[in-house]
Structure formats: structure tokens, C-alpha cells
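According to TrEMBL:
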{"type": "BINDING", "residues": "Gly26, Ser27, Gly28, Lys29, Gly30, Thr31, Arg139, Lys182", "note": "ATP binding site"}
{"type": "BINDING", "residues": "Arg52, Lys73, Ile74, Val75, Gly100, Phe101, Pro102, Arg103, Arg143, Arg154", "note": "ribonucleoside 5'-phosphate binding site"}
{"type": "BINDING", "residues": "Asn107", "note": "CMP binding site"}
Amino acid sequence: MGSVTDSPNTEAGKKITVIFVLGGPGSGKGTQCTNIVQNFGYTHLSAGDLLRAEIKSGSENGTMIQNMIKEGKIVPAEVTIKLLQKAIQESDNEKFLIDGFPRNEENRSSFESITGIVPEIVLFFDCSEEEMEKRLLGRNQGREDDNIETIRKRFNVYMESSLPVIQYYDSLGKVRKIDAAKPIDAVFEDVKAIFEKVVA
Ligand code: UDP
Ligand code: MG
């Protein structure tokens, strides 16, 4: 990025707090991030939303990103990281929820080496595949990847590539696991209990 990263979690002179919000497709990451923003003053960065905005902006990577999302594949780390870094640098806030990233080992290790940022904690929304599938098929947000064929692919990628990232952070004691199958309000009660303990 050109700027000097003189200590961990410092980006362009700011002391940064990052929390990764992970869990399968349809586990409620975005919904709960909206609640967290309202109550705890974080800025919500959804990697999926940033990629979808990049497609819409007509950027040179747009077609590649669109094809990968349609196939449920994970976009190359450097593309997603650039978008996240830009959003962090353009924000006045110093506390960020990064939702839906890192999704594989390449995402995780590249983010840490490029930005020097390590997450404070990792929220893990744990939910059965059956429940997630029901939510994705019912949500009707006009997303090209919320059809049964792509959903199955996303579940496979999640199991094979994303769960190991959660296990890695668990081995560092950073994971806070939440039962995400409960109703939205009940899940948020559990989320709140975790945030009240985060020293930011
Ligand atoms: N995606 C990606 N890298 C990311 C985040 C998202 O490649 O860091 C792509 C991937 O194809 C994924 C899609 O964007 O299946 C949708 O991700 P999002 O987090 O919006 O949805 P979720 O699957 O969590 O419901
Ligand atoms: Mg989402």
C-alpha cells in the first residue's frame, strides 16, 4: 500500500481493531453485523458486498469476479484485500467488522502479511447446512448465487476451505462461537455478551 506499517495493526497511521465475522453462507453474518454497528460503533465491511460493488463499477476485474461468485469460488486474495484496505483507509473509524473474509488459507495469510493486521477476535456463526439453505433460498435479495446449484457449491467451498481458517484461529484462542440457528434477537444477545468483553 506504500504506507509504512510500523507496528502490528497500524494502517496509514491509524491504530486499527479488526474483528473477522465468519460462518457459512446464510449463517446471519450480515444481519448481526448491522446490529453490532448500531450498538458498538464498528464499521461493517462485507467482503462480498465490496466485490459486488466492484462488479457494478465496471472495473477491469468485474467479469472475473462475477464469474467466480456465480460458481461459488473464492476470488484471488489480492483483489479482495485491495478493496478491504481501501475501505479501511477511507474510513474515519478505527474499528472494523470484516464479514465473510478470510475464506481460505490464501486469504488469511495474504491479509496478515500485506496489511500487518491480525484480528482481535473471530466471531463464528455456527449453523446447520439445512437451516442455512432454507434462509438462502428464502431471502430473495436478487443475488445470482442464491440458487440451489450455486448454494451447494458454496457449502462445499465453505467446508473445504473456510472451516480450516476458523480452526486455525481457534487454535490461537481467538474464536468466539455463537449458535446461529436461533432467532435473530436471541443470537444478538449472545453477540452482545461477547462484545461487552472486547477491549477495543
Ligand atoms: N467472495 C470471495 N471472497 C471473499 C468474500 C466473498 O470470493 O472474501 C465471493 C465468493 O464467491 C462468495 C460470494 O462472494 O461465495 C458471496 O460472498 P458473501 O460473503 O456475500 O455471501 P455468503 O456466502 O457469506 O452468504
Ligand atoms: Mg453476507
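Each Cβ is built from the backbone N, Cα and C atoms, and glycine gets one as well.
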Contacting binding-site residues for ligand 1, chosen from Ser27, Ile74, Arg143 when the Cβ sits under 6 angstroms of any of its atoms:
Ile74
Identify which of the binding-site residues Ser27, Thr31, Asn107 has its Cβ surrounded by the largest number of other Cβ atoms within 10 Å, counting every protein chain shown.
Ser27
How big is the gap, in Å, between the Cα of Arg52 (ribonucleoside 5'-phosphate binding site) and that of Gly30 (ATP binding site), rounded to a whole number?
14
With Gly28 (ATP binding site) as the reference Cα, tell me which of the binding-site residues Ile74, Gly100, Pro102, Asn107, Arg143 is the closest one.
Gly100
Pairwise Cα distance for Arg143 (ribonucleoside 5'-phosphate binding site)/Gly26 (ATP binding site) [Å, integer]:
12
Suppose we screen the binding-site residues Gly28, Lys29, Gly30, Arg52, Lys182 by Cβ distance to ligand 2 with a cut-off under 6 Å; which survive, in sequence order?
Lys29, Gly30
Using DSSP and collapsing to three states, where does Asn107 (CMP binding site) fall: helix, strand or coil?
helix
Euclidean distance between Cα atoms of Ile74 (ribonucleoside 5'-phosphate binding site) and Asn107 (CMP binding site), Å:
9
Between any two of Arg52, Lys73, Ile74, Val75, Gly100, Phe101, Pro102, Arg103, Arg143, Arg154, the residues recorded as binding ribonucleoside 5'-phosphate, what is the biggest Cα to Cα distance in Å?
21
With a 10 Å radius around each C-beta, find which of these binding-site residues (Gly26, Pro102) has the fewest other C-beta atoms nearby.
Gly26
Enter the number of other CB atoms within 10 angstroms of the CB of Gly30 (ATP binding site).
17
Quick check on the binding-site residues Lys29, Arg143: which one has the highest count of other Cβ atoms within 10 Å of its Cβ?
Lys29
Rank the binding-site residues Gly28, Arg52, Gly100, Arg139 by how many other Cβ atoms lie within 10 Å of each Cβ and give me the one with the fewest.
Arg139
Would you mind reading off the Cα separation of Ser27 (ATP binding site) from Pro102 (ribonucleoside 5'-phosphate binding site), to the nearest angstrom?
15
